[in-house]
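Report on the following structure.
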Amino acid sequence: MNQTASVSHHIKCQPSKTIKELGSNSPPQRNWKGIAIALLVILVVCSLITMSVILLTPDELTNSSETRLSLEELLGKGFGLHNPEARWINDTDVVYKTDNGHVMKLNAETNATTLLLDNSTFVTFKASRHSLSPDLKYVLLAYDVKQIFHYSFTASYLIYNIHTGEVWELNPPEVEDSVLQYAAWGVQGQQLIYIFENNIYYQPDIKSSSLRLTSSGKEGIVFNGIADWLYEEELLHSHIAHWWSPDGERLAFLMINDSLVPNMVIPRFTGALYPKAKQYPYPKAGQANPSVKLYVVNLYGPTHTLELMPPDIFKSREYYITMVKWVSNTRTVVRWLNRPQNISILTVCESTTGACSRKYEMTSDTWISKQNEEPVFSRDGSKFFMTVPVKQGGRGEFHHIAMFLVQSKSEQITVRHLTSGNWEVIRILAYDETTQKIYFLSTEFSPRGRQLYSASTEGLLSRDCISCNFRKEDCTYFDASFSPMNQHFLLFCEGPKVPMVSLHSTDNPSNYYILERNSMMKETIQKKKLAKREIRILHIDDYELPLQLSFPKDFLEKNQYALLLIIDEEPGGQMVTEKFHVDWDSVLIDTDNVIVARFDGRGSGFQGLKVLQEIHRRTGSVEAKDQIAAIKYLLKQPYIDSKRLSIFGKGYGGYIASMILKSDEKFFKCGTVVAPISDMKLYASAFSERYLGMPSKEESTYQASSVLHNIHGLKEENLLIIHGTADTKVHFQHSAELIKHLIKAGVNYTLQVYPDEGYHISDKSKHHFYSTILRFFSDCLKEEVSVLPQEPEEDE
């Protein structure tokens, strides 16, 4: 690799001490005018040399305080972002956790803080999670926490009296030292709910006896109030499958029945003489799915459980429930989705009678996105707001806010669109009935950022950006959370600089209090030579698609650099954003002078449905085509070394990377795939069927989308496969099938297995995991230095 040579800054230019006049016999005389001119010329030349040295000297010489980023530093405390877990407990008070572990209460009107729980409490009881009761008198402390799937975990729980220090265990009746699947406070006073052996238990307060609300729970078969794997990972994106009414008098919950769903077996190889196996229901594409029912149980007086029925169209079909929300003390709004995921019906159900009325139906020729979105209702239920796809000329459909007005007598609904444009409304946050304003996050300011906006729901529908002028050099990517009465809001700055959390008044957003600065991270970042980022827009098949390049800090366009292309983990995601990002690839950029590229091609999200849904029935081919087009563009840049290209992907990204590597286009010297999906038939039903349909009807589509089909294209590739054997999301079966086909085709590969590790590698193995990836790319991408043959010595 060409590098700028080191040059000393101390340059001395001295004139000769003796200047003789030539062609003169007379005694030496000094020509003072000539000497002065000569000295001036020498000084000018020295100045120019010094200036050019300063301009051409790399950053590491001009700023010696900056150091390169190491993996040890990346995984150390200095690079840990602190999440204060801030949440509203009423309209003026926020509860959060400081970076040193104290649990505090902050008053939004006075900025006064109160210590609720000392950090020593967590140490004393070895607790890693906590939850405060609504009356702030007690705290649930979780210890011996063991992760199950992405969101779910088991734990043992203590109830701790904040004022007296009194402690007692939370156990079901006649059970000691229990391990619970879930435990949390209700919405009023000291209400408690917990789940044990797939059944829901309820306590009106901490002194009361537990009441078992369900009895049908059965391990691995019937789940009450918590999600099975499919609902947790692909549908609810949470392990919580129950919802409190605002007054705490009712509880809605799902009963998920997996009795017909085939089980997946995950062996545990270490720690015992014979391997043990864990089984859990996992429906693959086209296989039997879980059935689901929605119930509401009355918690005051005699317990009474009522089933809320699906719309008639779904009674004889398979369906999912993807969203449940209380809109009053007795009414819930529910989203029902058919198995192909192209028909969605929104109903409002009266929990006292079980009667449900249809409010909105959506259909699609592909699939319906934003399945979990919660509508925002007015207090009297006469109007509600949610995002719907709206056509914006040739750019296709974008998600925008619609206001639905319900006629009280006829139940007819009129719709008014509040926003429009070639940008996306990400999420509706709140509706203020006093000001008639709706608050939301959108990409209007930048498709790669997120800003907080308000819009009037009456008159001219004027729209204001609330966050656009807040620390705009540091923050262009936001999230927000409003207090119950919308008088205040928390603003979460997530980039491009180090994230921070601030508290604002809705009436005067410029008046704010910084709740979390992440000062340690900020201080650490200032000492590091981190990458410079640049975003370019590529025009591919009438689409404008963003490419992000991360350059080494010492980047010079005259030099040539290796390139790493990183593929997104999920379809519908967004790689090119203004979020703060420091990860293992930052180490590679810094230590090996590699340029890292991220590209949002077709199939990516937040650029309209036309871009997103191009992959329908064409999964793997469209994404690969666009990523290859981005590589062809980069190869035209003089600073990219065409002989040193590499690719990385995890999960679905590993699948796309494999499809690219086996294609006819041979650009890459090496590639790494982590937990790669190799065949969509082997993956989750809700995921595969969303994009490809049912295997029984789309056999050729599934075959064309499989990495295992025509795998000879990988013969010339230098491939590293990494997989944990206990991966419950992308099973090791995917890598086993891939390896079997690679061996059959005579393809060389390198395999790194992590015994009993899941999709997310644990902290104890993380250093080895990242070291393996970095070492592989470092060896692959190092600059080849050709050695000139030595000439034979001549005989004397």
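Yeah, the Cβs are placed from backbone N, Cα and C, and that goes for glycine too.
The feature topological domain 'Cytoplasmic' is assigned by Swiss-Prot to 1-34. For 1-55, the entry in Swiss-Prot reads region 'Mediates effects on KCND2', with the evidence type similarity to another entry. Under the heading transmembrane segment, Swiss-Prot lists 35-55. According to Swiss-Prot, the topological domain 'Extracellular' annotation covers 56-796, on the basis of sequence analysis. The N-linked glycosylation site annotation in Swiss-Prot covers N63, N90, N111, N119, N257, N342, N748. Per Swiss-Prot, phosphotyrosine is recorded for Y138, Y143.
Close to Y143 (phosphotyrosine) in the fold, though at least 6 residues off in sequence, lie F125, K126, A127, S128, A155, S156, Y157, L158, each with a CB less than 8 Å from its CB. When the neighbouring Cβ atoms lying within 10 Å are counted for each of the glycosylation sites (N90, N111, N119, N257, N748), the highest count belongs to N257. The Cα atom of N119 (N-linked glycosylation site) lies nearest to that of Y138, taking the recorded positions N90, Y138, N257, N342, N748 as the candidates. The secondary structure of N257 (N-linked glycosylation site), as reduced to three states from DSSP, is extended strand. When the glycosylation sites N90, N111, N257, N342, N748 are compared by Cα distance to Y138 (phosphotyrosine), the shortest distance belongs to N90.
Confidence over the region 'Mediates effects on KCND2' (1-55), given as mean pLDDT on the 0 to 100 scale, stands at 43. When the C-alpha distances from N342 (N-linked glycosylation site) to the glycosylation sites N90, N111, N257, N748 are tabulated, the minimum falls on N257. Of all the glycosylation sites in the list N111, N257, N748, the shortest Cα-Cα distance to N90 (N-linked glycosylation site) is found for N111.
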